[in-house]
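Notes follow the structure.
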There are 2 protein chains.
Amino acid sequence: MLSDIEIAQAATLAPIAAVAGKLGLSADDLHAHGHYMAKLTQATVNRLHAQPARAKLILVTAINPTPAGEGKTTTTIGLTDALNQAGYAALACLREPSLGPVFGMKGGATGGGYAQVVPMENINLHFTGDFHAITAANNLLAALIDNHIYHGNALAFDQVSWRRCMDMNDRALRRLTLENHTHTGFDITVASEVMAIFCLATDLADLTRRLGRIQIAVSTHGQPIYASDLQAEGAMTALLKEAFQPNLVQTLGGSPALLHGGPFANIAHGCNSLVATQTAMRLADYVVTEAGFGADLGAEKFLDIKCRQSGLRPDVAVIVATVRALKYHGGVEVADLNAENLSALASGVANLEKHITNLQSHFGLPVVVALNHFTADTAAEVALVQAAVEALGVRLHVCRHWAEGGAGALALAHTVAMQAQQAAAVKLLYADDLPLVDKLTTIAQAMYGASQVTLSALAQTQLSQMGEASRGLAVCVAKTQYSLSCDAKLRNVPKQHVLHVRELRLSRGAGFVVAICGDIMTMPGLPKQPASARIGVDADGRITGLS
Amino acid sequence: MLSDIEIAQAATLAPIAAVAGKLGLSADDLHAHGHYMAKLTQATVNRLHAQPARAKLILVTAINPTPAGEGKTTTTIGLTDALNQAGYAALACLREPSLGPVFGMKGGATGGGYAQVVPMENINLHFTGDFHAITAANNLLAALIDNHIYHGNALAFDQVSWRRCMDMNDRALRRLTLENHTHTGFDITVASEVMAIFCLATDLADLTRRLGRIQIAVSTHGQPIYASDLQAEGAMTALLKEAFQPNLVQTLGGSPALLHGGPFANIAHGCNSLVATQTAMRLADYVVTEAGFGADLGAEKFLDIKCRQSGLRPDVAVIVATVRALKYHGGVEVADLNAENLSALASGVANLEKHITNLQSHFGLPVVVALNHFTADTAAEVALVQAAVEALGVRLHVCRHWAEGGAGALALAHTVAMQAQQAAAVKLLYADDLPLVDKLTTIAQAMYGASQVTLSALAQTQLSQMGEASRGLAVCVAKTQYSLSCDAKLRNVPKQHVLHVRELRLSRGAGFVVAICGDIMTMPGLPKQPASARIGVDADGRITGLS
């Protein structure tokens, strides 16, 4: 069997101008990065944004991820290819991969099998440099802060809350003491507020405004200090200006795809840039986008943060599940997942049911289930899941896009396209004016099935220090992706669990407060055997070992 | 008067394929980055390197820099434009700018006036992402080291010498304590060994070999531990593969220019990549390259490190000086530099004379002086410098390329081209097999006029720990650029000074030992009023305030 990188490298790609042509764009609309990647020019983005949106918006989300693998990104890509094969003009809108996990456990984030975006080596490594630009903008602000203190601290910085970032899994940088004796640390770039702002800003002017609004510290007089107090937002915008233009690539099936921005969904808000989505809505009839990890994290934030701020509303959600993952939620260990186990599956299907009813009842969002097929799945297992899903009034399609590309997801495509044409009354989970803790409680109880929310002493102090600054802001929960709870070990649908908030971070520029729950870390580590040891460049200059 | 960025933004640039056409290259040889920047493909580089070099190599260097400004980069660009105007097929070969100084005191590094490489905003900010790739490769290795220790430290790491890096002037990161209690720090990317390796490797295979050879620590058993012990070199090469292809841009005068790599010359070896220079030698009849800061730093390392390792030899050196800077060396303060002062000039010209005789006598290198004209220079002042230079048997030309572009450096171009056609017996300063301290003493006495070299207790310990590992390696002196000594305050030609070595760092992959002298820092800081406050993006999306 060929590896993902071998499949990708064997493919013949279309010149990027030809891909743009499918969207009605010409080479003049592009800022090329080699033959197969391009940014849309700012002029093109501006021209498109002046037009009304025409697309139906399809949100791909998933059950809680497991070591068995679900395939949300492959489904997003396979569904887009299938829609195009079926004659619906579709465009995928995805996040860019982070470098960190490429060298760790997870590997790349460009799909797999015959459902990939390409060129996968470039996209998984530096791509067009967007995350490096975000890292630089974040760290320029950090340097300006410590430099201001060094040169006399005229603004009377006291508690500096701004952290540095790096697009690397480097756990040793989580907590450190600087030369000037400050205690601080690095987050991974995809968890930074600059990443969030980049992905939520409507245009360059809004980007600048939001960057200026970042709260970086509290003064000795108890007053908030903002990035604008250091006149940092102009230079930060200059660093982000080129990156802010959405990236165009293609799928192995020849569909166009915009990849732009990439906050993680467990420690950040988990959606590609608003600019890319708004651009996509004017370039196609169907935009297929994904939100990271399970629907408890990615979909909730897609709706309550990205849709709330922008006015966007999805027309339909696709929830991706696998028989294997549902058996894992039903208690089967990884080594035993290839054996049929109907009783474990009957138990584990509850995780899928919870995500379906969450999206239906709390958001009024029509749902279709994509059951991503693995060869070991038995007919009885598939029938069991199908029956459970249809009992909720929801359609399920078995998908084989990993092995077959778009042809493996045609039935899903037809159902999704039809559903997207129906009017949906999509609503949000909580009101803007609810107090912060009540918002958190609503998310925890409604989405996670938690009995209550508790705050650490630190979080309580931070909440009272925030005071009025948190008013009207959304909540961005940072918690494990592996469980509906904040404890990674609790599979399926845990009962009577508590959402424990360890820390609160004000992201004023992004328009939300991050609630760090359980033991989730905003800087990941590498595993004992990092993937980096397998990666190299062969004698012909081709990258090998990337997955 | 227009600012540099206004001049650059007002220019009409040629499509990059047209610039490539001047070198006999086609669009197929390029990996475009937008309309005006491109990388040469690896296949093109490989094809060219299989051909013999045909160019004469012109090294542009300078007197010790002063706050008055000398204009080495503008002279490199102006001379290239002048050579092309005069019918000599010339190609400039320069370093890429570092992001750090752009937000600090120095600003960008793309020349000035009508002697600039463009598009200056892109080149000065992220350009094609090379430095970000170098930063990532460096920091992946650091993450792998701390991760190995975290997971049980099977290799028995003890003294970890590998440091992280960032392309930012962030002094607070110089020394820090990690979560795992290790004391370490960040250097600016342009001072990293990965940058040096990137700039000295002959090809991708050599790049991988050198990366593997990096010594990262000493084990508890006293054995050296290398990057290859963590199998890091493959993934590091994968991160550097695209960056390793030289970048093609144009000057305002329409000359082609390769910009690639960019170690600082005060804290690193100061020359653009060997790959770019070797490529350039096969694309033009005259290659004009520069080495950073004064000839004591950049030119010495260009010869004793880059030329020694590669076999390259320059045919002629151009030393850039200004009347203003020589008056500053003669004791005049910045505020008084516009007034004629022949006696100070007569004293300060000694700095120029020292650099001329250094290159002539120690390296056997023919020299031409470029006196970069400022409007306040008087005829008597110019005549004084001219007489002093001609007394050494050296030609001097007054240059006006800043105001006039290539037309302002035509006389210089003719002299340089003629001189480059003469056979020169260029030699290196010290033998490979000299002990390390003797190499240091040779550089200090011959180039800097120092009376002796002293080593701190730390440097002595490091020297003895290095033992045989330093055998055959070159020396890369890190010291202030402002003085021939290691004390920035000693202008002109200081006497009876001592080169004090504070720290020695083994750069085994780069093939040298860095000797950190005086109080030079490998991570710069920002000034009290950082340039970032003036930088922004206007309503039309144009970057403003960059200098």
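Placed from the backbone N, Cα and C atoms, the Cβ positions cover glycine too.
Just so you know, TrEMBL annotations never went through curation; they're auto-generated.
In TrEMBL this protein carries:
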{"type": "BINDING", "residues": "A:Thr66, A:Pro67, A:Ala68, A:Gly69, A:Glu70, A:Gly71, A:Lys72, A:Thr73", "note": "ATP binding site"}
Around the Cβ of A:Thr73 (ATP binding site), the count of other Cβ atoms that are within 10 Å: 25
Per-residue Cβ crowding (10 Å cut-off), top of binding-site residues A:Gly69, A:Gly71: A:Gly71
For A:Thr66 (ATP binding site), nearby residues of its own chain (Cβ under 8 Å, 6 or more apart in sequence): A:Arg324, A:Ala325, A:Tyr328, A:His329, A:Tyr482, A:Arg491
Site of maximum Cβ density within 10 Å, from binding-site residues A:Pro67, A:Ala68, A:Glu70, A:Lys72: A:Lys72
